[in-house]
Structure formats: C-alpha cells, structure tokens
Amino acid sequence: MEFPFDVDALFPEPITILDQHLRAPARRTGTTTSARSVDLQQQIMTVVDELGKASAKAQHLPGPITSASRMQSNRHVMYVLKDTSARPAGKGAIIGFLKVGYKKLFVLDDRGAHNEVEPLCILDFYIHESLQRHGHGLKLFRYMLEKERVEPHQLAIDRPSEKLLRFLNKHYNLESTVPQVNNFVIFEGFFAHQHPPARKLPPKKAEGEIKPYSSSDREFLKVAVEPPWPLNRAPRRATPPARPPPRSSSLGSSPDRGPLRPFLPEQELLRSLRLCPPHPTARLLLATDPGGSPAQRRRTR
C-alpha cells in the first residue's frame, strides 16, 4: 500500500511495533520538534486507518476492526511490515500488519468445562493481495512470536478466515481445534501449555427454598378480623391485650371499643333487644297520638 508521505522515513525498521500511543520510533540521530511529532503521529494514524479498511474489505466484514481510535482505546500491539525493496516515487510502501492483544476469555476445554483464561489473541492479520504467497506473512508471524515469547498453540484467534487457518496448518501443524461457543478458536495443547494456568470457574450455588411470603406478611395474617360495632363490645379484662389495635389518626373518634368477643347467640340477642328501653322520642309520639290505645302502646313497648 502506498501513501502520499514518506513511509520509509516514518517506519525506519522493516517491522515496526506500534502500541496505543501511536508514536513514531525515536531516531538515533537528530532531534524532532513538537510540531513535527504531531505531524508524524497523524501520518501513523492515517496508515493504521487505511490498513484496517483494507483488511475489512479482504475479509468481507461490514466495518474495519482495526483503526487508530481503537488502538488508542485498547492495549493492543500492531506489527507493521513495510516493503524494503520497492520504493515507488521514493516514499516506500506497506505490505501488511498483524494486531495482537491479551483478552480475558471464558473457553471450554476438551471435557466441556468452562475455564477463565487471558491468552494472547490474534485480532487482525492482513497481507496485501499483490504480495501474498511470498513469505511476508510467515516473516511477520515469526517476528511476533519471538517478541511476545509465545508458542503458536498458546494463541487464541478471533474469527479466523479460511486463509489464516490454512496458514497455521501449513506452517505450524495446527489442525485440531477445541469447539467453542464464542468467536475465538483455540487448538489442542492450548490448556497444557497455558501460562498462567487456566482458572476453572466455581460451580454455581444451589438456589435455596423460595418462601411463599415474607415474615411481615405472616405477621399480618395473624391479625384477627374485628366484627362490626356494637357486637364487639365485651367487659374489659384486667390485663390489656398484648398487641392493642392501632387507633385511627383521622378526624373524629369512634366509641371506645372493648376487646373482641364471640358473636352473641340469636336468642340472647333477641332478649337483649326486647329489654332495651324505648327512645325518648318514641315515648313522646305515643303520648301525643290520640288514636293510640293503651293496648297498642303496650304492644309498641
């Protein structure tokens, strides 16, 4: 890939390592002003964005997964390979890149058990279409393994393409994979040589018995229902009840009610109603009624 600025001067080494700061490598000779540093960083960001777009297009992805903004917000490492032989217009060219990073994953082993691991992951890998099958990808991959000090079977690959799977099978004999439920692919021997060792997740605790209601609900159910007044009147006891009923805070007050007692029998209720003296208003009406006979008044009483 060619750019309008001098790529050969921007990346002095054949393979340049970029971190989240996206800074140009320090030169051994000469000094660089602050304005020049900003200009160089902007050029590096342009290279990263264009490489990410080219990789997404080659993999038929809806959008790039590598960009300058993603590099700055994550602790990923990008290995950029430049073309040292061809120098179009004296500005150099970029062959491809390899992006890696450590991620915390939950993966299944060959027995189906969940394991929490944080391996080095292959996140994006791209070689320009015109320069594939020339050994550039193998050169870049070996350089990464040496710098990161890992073995190929210790890697986890994020959504590898068919070309990448054939590449790993051809050069590193990685063929048998351990099935996963996520987009990452791991190979046999991943757990045997994992450093630090994978941590198995503890089993889930059994759920306790679900109670039908809370303790406050049970206390509420113990409260007896009070019959209507005045059938709830009864002689006061010597000792007050353990839990007196709450009084209403609204305006007005109801008659003082005694403790609850059972309903009165029908015969006792009728006898108490017959013995109840007539109201003074009823006496006045009977006294002023000229047609009322003493017998009727007796029946009325």
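Cβ atoms here come from the backbone N, Cα and C positions, even for glycine.
According to TrEMBL, the feature domain 'N-acetyltransferase' maps to 1-191. Taken from TrEMBL, the feature N6-acetyllysine applies to Lys57, Lys147. According to TrEMBL, the site 'Crucial for catalytic activity' annotation covers Gln59. The acetyl-CoA binding site annotation in TrEMBL covers 125-138, 161-170. Residues or ranges marked as region 'Disordered' in TrEMBL: 231-264, 281-301. According to TrEMBL, the feature compositional bias 'Low complexity' maps to 231-240, 248-257.
For the pair Glu162 (acetyl-CoA binding site) and Lys147 (N6-acetyllysine), the Cα-Cα distance reads 26 Å. The two recorded residues Lys147 (N6-acetyllysine) and His134 (acetyl-CoA binding site) have their Cα atoms spaced 22 Å from each other. Cβ neighbour count within 10 Å across all protein chains ranks His128 highest among the recorded positions Lys57, His128.
Calculated from their C-alpha atoms, the gap between His128 (acetyl-CoA binding site) and Lys57 (N6-acetyllysine) amounts to 11 Å. In this structure, the C-alpha atom of Leu165 (acetyl-CoA binding site) lies 13 angstrom from that of Gln59 (site 'Crucial for catalytic activity'). Among the binding-site residues Phe125, His134, Gly137, the residue whose Cα lies closest in space to that of Lys57 (N6-acetyllysine) is Phe125.
With a cut-off of 8 Å between CB atoms and residues at least 6 apart in sequence, the same chain places Ser161 near Gln59 (site 'Crucial for catalytic activity'), listed in sequence order.
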